[in-house]
Amino acid sequence: MLNRMDFHSNNSLYRGRRMEILLVVLAVIKLLKVISVYATYELLKNSNPLTILIALKFTALLIMVPLQKPFNGPKLKITEWFHILKFSFVRLLIDALWIEGLILCGPFRFILLFEHSELLILAAAGTFIFGSHCTKKTRGSVFFVIGVLCLVFFDHDYSHGETEHPEGVHKSFLIHHLYELFVNFGLSDHKVGVAVLISAVCLDAGLASISRTLVTSIGGAKRLYSLSALISFIILIPLFLLTHFFNENSLHTKEQLNLLKMVENANNQMPSHGSSENIPQRDWLFWMVYISIMHVIDFYMTSLVSGRLGAQSVTRLAKLTVVITSLIFSLLWSSSDSVEQFVSFDRNEILVNSFLPKHQMSIGVIVSVVCILYASDLLTTDKSGHGPEGISSGHFIGYSMAGLPLFTAGQTPTHGAALLANSEEFGLWYHLRATFHGILTGQASRRIFAFLCLNLAFTFVELFYGVWTNSLGLISDGFHMLFDSAALVVGLYAAVVSHWKPTRIFSFGYNSAEILSGLVNALFLLVISGSVFVNSIVRIHQPPDIKTDKLLAVSILGLLVNIVGVVALGHAHSHGGHGHSHGGHGHSHSGSHGHSHGDSSHRHCHNHEHGHSHSRNHSHSSNRSHSHHYDHKHAVEAHNEELHYGHTHGHQQRCGSHKSQKDEAEDANLRGVYLHVLADTLGSVSVIFSSFLVTTYGWNVADPICSMFIACVIGYSAMPLLNDTLSLLTLKVPDEFHSQLMVKKILQVDEVVSVSNPFIWTHTHKSVCVCVTVRIQSSASEQVLLRKIKELIQNHFKSVSHLTIQIEKEEYEYHTQAMGLHLSVIGHYPKSFINSSVLMNGLTHHHHHHDNTNHCGKYNCSSERMNLLSVKDI
């Protein structure tokens, strides 16, 4: 099929009446083009595709060569002839692919997938490969992919009849064996047709983009396509003669031969017509000429209108016209035989086509139409202020002080040019390479990645044998391993993302990615356990017949694979999250999916402390005049230093340097993956046990019972992980962090009056954020107390990575009351809270410890009930 390549200047834009006439003519041409596609599909039911292709090339040759006179131009070089020959071969391959796709998918799906301009395909491909700063392009690319996936997974393409060859009688040796190949792999003709058409349209767009240099060198696209039609016709003639010589164009199955006999018997019962013998040839010739002429006219008209109105506008209008028109034709075609009778040769062919299946409409097709049309509009819509080809007089850079928009002078380069110039700075390919490099950086991550490849390979083996032997245990274990692979992928990616630097939008960084990964893994585990448990109950009441061929061998092999995973992840699991401090050097062995920085790498965590001080002096004279002096002093001090996690080697163990005995220093990301593999290992053991019982004693009920055991183990292992991740995401105060002890230590500082609003939350398992308001005496120095409190918290609570301290003086409360302000106070703790005997949360602490301010384990952490005093009570 001829490619629509615009070769005119885009600077001249028609307006008014001329533009409307061009648009109407283009819409009519596209309507006639749709009719030609449906006619081609009907002809392919009764003709050899090679014959159709030769007729198309021959008609294009007869029209374009005399019209364009390609041999009268400048003499072509040998290298240019060689490029034209290669172009012709690729063009023939594309034509063969779209004919095959038309046979397998039908005309409507063919138009939906193949009738795209190279502008749309290249825009979508460029967005996925190089990225895009325009959200409209990204949305368009995503919707285009969704539309294609809907045709693959949600379009069942039901047919009226049940025949061995849904596309009808095979007239081609190639199509017959391609179909047999698809059947052997269990793929339907429709899904393979979608893949063939996507390959054809991508190849078509790539050929159009690459051949632009060739078009310029030989003198235009018209000359190129006229020479290509001539060379293609010369290439096809020997193939056509060889096909007929070996007589391989008449391959019929038993069902098709029976169908032909039925047609022959019906033909014998019909009254004969004297002139009917000449009608098929005359009709066939008419439709072939019509189809070929429409292809040539569509090529010329699309190129002409694109040069006048711009390629983007033409692409958008053409796609909308052909899809809507084809949708109407498809509804008429699937509901009656009117279209088939319109292009059929005689009553015999109508009878044959009535027995052949038709490509029906489905919900997946309707959804795909909406997605692809919406994607076409997004990918071909001009930006504000841009011309039809992305040319503008300036680029928007912001606003002036007066609020007016500012633009750069001159032309703005197109998005594609910017991508090619900066392809290494952004884009999908660069992102994938950076992610893969991050995975291969550490030793533990390399182990996990190697196990991922091994686990994914064996997953498909286990699923195949599970379906073959009808073993629910093996199938459930295979799907569980598949989810394990997904968990490994999510975990590895989350570990890489968590090391990204903070940005303006994500000021806290991306450390929460590992927490989200753990939550996703926990939810996956619960979904798997619930599904397996329900299916196990059903199979206990009705035990199925299980084939024991190689079932035990596959189960043992699966156990070995899981043991490798346990060893690989267990090694990282045992080293993850524990930091060792030697003389002030913190060596972090990270087990977060293998990001190990070696023995000499130091993990740096940034402390952020913000101190705010407010002091107010009020003097009241006897003449009832009030003199208010407000002295606002803001002291903000940020200190970044290296924090050391884990066990400090020595005798000065302070609060915050130890994690809980549950080893919660391990991040949720690694725990989720490890639990996946550990539960899968236990599942493999149960599968082996059930396989032994089924093989030896024939107890088929053992399979669902063991599957139920797998479900219980999976669900039990997922609940703690789910609770931990939810606690982190809901900003819960860590259990090992003694918040009441921190408040008491702050109150013990001289000149501190009270502490209020102690906000404490866990950012990750290894970092805690603290925000507290401290009220001091009027004579105190804000800077001095700020430094004391900051050093106090840093020395006794090593897990604090973000610290914000707001300093207020006593006069600040009088000032807020005078202004009528009512500030929200979550908790207020005066000096008397030091000797209180009630917890901050109101629950009496029943555990008593010896008081020791230097040792957290021996410090009297029995805390007190907080004195909730409002502002008015002070």
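Here the Cβ of each residue, glycine as well, is placed from N, Cα and C on the backbone.
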>> Suppose you had to name the range TrEMBL annotates as transmembrane segment; which of 518-538, 707-727 would you pick?
In response: 518-538
> Do at least three CB pairs under 8 A connect the transmembrane segment (110-131) and the transmembrane segment (284-305), leaving out pairs fewer than 6 apart in sequence?
Replying inline: no
> Under a criterion of three or more Cβ pairs within a distance under 8 Å and sequence separation of at least 6, are the transmembrane segment (110-131) and the transmembrane segment (518-538) in contact?
Replying inline: no
>> Between the transmembrane segment (88-104) and the transmembrane segment (192-215), are there three or more CB pairs that fall under 8 A, provided the residues in each pair are separated by 6 or more in sequence?
In response: yes
> Of the listed stretches (21-41, 88-104, 448-467, 518-538), which one yields the highest count of Cβ-Cβ distances below 8 Å with the transmembrane segment (47-67)?
Replying inline: 88-104
>> Using a cut-off of under 8 Å between C-beta atoms, tell me which stretch among 88-104, 138-154, 518-538 contacts the transmembrane segment (21-41) the most.
In response: 88-104
